[in-house]
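One structure is given here, and the rest of the page talks about it.
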Amino acid sequence: MKVECASNIGFCFGVRRAINILEKTASERGGVETLGALVHNQQVLNRLSGMGVRVVKNIDDISGRTVAISSHGVGPAVLAELKSKGLEIVDTTCPFVKRAQVAAKRFHDAGFFTVIYGDVNHPEVKGILGWAGGNGLATLNPQGLDDIPDLSRYIGVLSQTTQIPTGFTSFVKNVIDQALVKDAEIRIADTLCHDIRDRQAAALELAGRVDLMLVIGGHNSANTRHLLDLCKTVSNTHLIETASELQTDWLKGVSRIGITSGASTDETTISEVCSYLDRLSAGA
């Protein structure tokens, strides 16, 4: 049984940057609170907790004088409230998310209605909507804007950073088809994360060459679920968070296994899965 990892695996640039910032802050100050989970990966959060990083869900729960913004970012109203309380803000927002926030603000300032291709319940999308100044919406409806009445003639379109590129492209085409009949002006911002795009392409290529594909990452991680959906289109694929979730009956008749991971999956977890597979292979 041969195991091969995708060429783009482990922490993405934005997650690694956020973790480095938090580790440094926690070390210097003996701990730090984050407004919301830094990433959607429990193993990483457990390790950070051991370093004194505490997750708070609401601003009123903050007990210290320093608070970290997660890699998913927040809207301007949240930032203003934190500043009004005199809190020192450590911003770990992913640069790609920041770029999407800037695009939404630019649309708003130009008088455009912002349409985000993304999950309205995801913290990243909530933050981006905040930068649209209340003049926007988020949807994953592949048909575009069919269900939205009285749409503005001025429309700015962008994407949640971790969405699948082909999905965003299809969405944009549908928006254009619907909006042009209304004599609309449309602006499109490419806010997809380059790292995630490369990761998805590498995973898809590997999935096409193996009998079984394993995606390692948090079950509540958006980018991990997108990897799962992509790989399932070409190979038998399962999502696991740790090696303990791997089921041996998946391996029956399998000679080649491919591995990819979500952007917030740490190298230790990946190594544990690979080691477990090696032991199973040796005992076969």
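Note that Cβ sites are derived from N, Cα and C of the backbone, with glycine treated the same way.
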Task: Listed co-binder of (2E)-4-hydroxy-3-methylbut-2-enyl diphosphate (same site as His40, His72, His122, Thr161, Ser221, Asn223, source Swiss-Prot) among Ser264, Ser271, Ser275, Ser281 - done: Ser264
Open item on the list: Using only what Swiss-Prot says about [4Fe-4S] cluster binding by Cys94, Cys193, identify which of Cys12, Cys274 is listed for that site too.
Closed with: Cys12
Task: Cys12 ([4Fe-4S] cluster binding site), number of other Cβ atoms within 10 Å - done: 27
TODO: Compare the C-alpha of Ser221 ((2E)-4-hydroxy-3-methylbut-2-enyl diphosphate binding site) with the C-alpha of each of the recorded positions Cys94, Glu124, Cys193, and give the closest one.
DONE: Glu124
Open item on the list: Cα-Cα, whole number of Å: Glu124 (active site, proton donor) versus Thr161 ((2E)-4-hydroxy-3-methylbut-2-enyl diphosphate binding site)?
Closed with: 8
Task: Those residues of the chain, 6+ apart, with a Cβ under 8 Å from that of Asn223 ((2E)-4-hydroxy-3-methylbut-2-enyl diphosphate binding site) - done: Thr162, Ile196, Arg199, Gly217, Gly262, Ala263, Ser264
